[in-house]
Amino acid sequence: MLYKGDTLYLDWLEDGIAELVFDAPGSVNKLDTATVASLGEAIGVLEQQSDLKGLLLRSNKAAFIVGADITEFLSLFLVPEEQLSQWLHFANSVFNRLEDLPVPTIAAVNGYALGGGCECVLATDYRLATPDLRIGLPETKLGIMPGFGGSVRMPRMLGADSALEIIAAGKDVGADQALKIGLVDGVVKAEKLVEGAMAILRQAINGDLDWKAKRQPKLEPLKLSKIEAAMSFTIAKGMVAQTAGKHYPAPITAVKTIEAAARFGREEALNLENKSFVPLAHTNEARALVGIFLNDQYVKGKAKKLTKDVETPKQAAVLGAGIMGGGIAYQSAWKGVPVVMKDINDKSLTLGMTEAAKLLNKQLERGKIDGLKLAGVISTIHPTLDYAGFDRVDVVVEAVVENPKVKKAVLAETEQKVRPDTVLASNTSTIPISELANALERPENFCGMHFFNPVHRMPLVEIIRGEKSSDETIAKVVAWASKMGKTPIVVNDCPGFFVNRVLFPYFAGFSQLLRDGADFRKIDKVMEKQFGWPMGPAYLLDVVGIDTAHHAQAVMAAGFPQRMQKDYRDAIDALFNANRFGQKNGLGFWRYKEDSKGKPKKEEDVVVDDLLAKVSQPKRDFSEEEIIARMMIPMVNEVVRCLEEGIIATPAEADMALVYGLGFPPFHGGAFRWLDTLGSAKYLDMAQQYQHLGPLYEVPEGMRNKARHNEPYYPPVEPARPVGDLKTA
């Protein structure tokens, strides 16, 4: 053996050909700082081999390299700019030395080669892949850009347009697309990968393939005329501005860096990449987006641990068809769990089946499935007016009208029709689970399962643990939600659970602003354009349904009378009484008309101003800062209360529930990440300016204690000490 590190080794294969094998402990290879340093040492050994003729890179895992070790990022991003820049120079010197070896090199790439894994193989002369390949540079999704030469090598290999599409969007592509655009040189079956790579290497060694000519473009300026460059980069910048917007600086920075580096050779181009990467790594956006990635891993890991001893349900049932029931049935069937869909009338069943068929037809139109697959999935949804087949189901979710009496009656009747070990769940959005459990003989087999609309798009499912819900019940429902491709987060029971409990104080802040004379149009604009919500509160209420919000508001007020009870008529009351229910009947804060694609498009409606004038003070202007503060403080305070009361277990789960359930702007990272970025002391100062507005603006005691020492909610992160000889950079 020529070299052995903790995560890779180097050995001779045959006749002057060496293999460098990535083989980290555990299930996957990551390109962490230690592996980069180890790679440098291995290349140092290769540089001393006078009889070296060629090099094969491969992996001993099911995936080549899944990317950099993102768990290192937050601490790496705290390293001072100069030191981080030095380390990146060192890392790039390693990849340059790989690229500059005086022999042909090939990467045999199986499975994933993402981020640093992709950048590593870009430094080799040839790339041969297996059909399961996913290769790309997702860094911009984490608020950064490629830092190991990806923004330099990829455009010079693929051309500017293809590279910009991958880098700016943070995309990865499959084997066929990678071959088409020149990211890999061939695709072979997994069992032929090493054999095929060796054949290419021998051809290069024998002179049948000109490996030096293959390498040369990566070392030179980008081959684009001034007109071509102007077109490519202008179009790319326009697309990025439209899709990413001002809150996500990484994509536009990446495009501008590639543009600036286009006229330079490798060394100067890499220097420009370094100068762009380092400031991005120190942005709040990068910390927030990396935090979301890590929180997502944490939440999924927690679900996996929770379900390790239970069997995933093999047969499910939905009570109540319609749009929501049809959406749940589709999602379950689509992911391989057959479902019985029951309702008391044919019309609702037809609506539910139509919804499922519509979603499947969209998959067909996009080429994701063929007619055979569509027929196969739809055949696993069984509509019924009775309880036929319910003796075989493992889990039932009730999705009938949001009325406790109706829900209790339906659940109690269903309990008599299923096996004693069948789990029942309610898709209620606000009614306490422990209250509904009172109607059941086996409350330990019951919990909440709150889906978000539209079911097929929204990743979150809130799993609500009632007072008597057993651990096994929770685990089975979490397993089903995970099987459906959802992100389940377990919360404890209370009115509104977690997501709706924190949403309604936000709506209350909106109502108070309107009462004090604010214009809902400006509030929507500020909360969308400045804070970054996908919809402002008025638009969101129209989408949720003014009638739904009016009902839920009453439930929340009964549950938390001290904070959420109001003693005045507000905008929601005014619109509800005027039969303006939002998008569902075309009239809410806005008027809605269908566009050419049949989607509701909002328009101004002056009638609303007259309605709101009856429940508001005369119109006056509010600053953007005041609007954001008055909207966000009630929500954030309630989020903190939920953590303090144990409704939600951790800041990570709270933030993921907000991002996945409400669309909390990802570049803020969630309420707790936003709080930590702001600082608890600064937040307290801001909130105290508004505490005269009522109990929703009063900061919880636990947060006051944290603010005294400006303590964060997430565990403090220490700056990293990257492995690598900075002096050689």
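Any Cβ shown, glycine's included, is placed from N, Cα and C.
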- request: Taking Swiss-Prot at its word that M324, D343, V400, V401, E402, K407, N453 bind NAD(+), choose the one of S276, S379, S429, S482 listed for that site.
  value: S429
Statement: Listed alongside D296, N500 for substrate in Swiss-Prot, from Y126, Y660, Y683, is Y660
- prompt: Just checking, which of E119, D343, E402 (recorded positions) has the fewest C-beta atoms within 10 Å of its C-beta?
  reply: E402
Model confidence over the region 'Enoyl-CoA hydratase/isomerase' (1-189), averaged pLDDT: 97
Query: Fewest other CB within 10 angstroms, which one of the binding-site residues M324, V400, V401?
result: V401
Field: Secondary-structure category, per DSSP, in which N500 (substrate binding site) falls
entry: helix
- prompt: Can you count the other CB atoms that lie within 10 A of the CB of D296 (substrate binding site)?
  reply: 17
Message: How many Å separate the two farthest-apart Cα atoms among the NAD(+)-binding residues M324, D343, V400, V401, E402, K407, S429, N453?
response: 20
- request: With an 8 Å cut-off on Cβ-Cβ distance and a minimum sequence separation of at least 6, pull the same-chain contacts of Y660 (substrate binding site), or say none.
  value: M458, P459, L460, T487
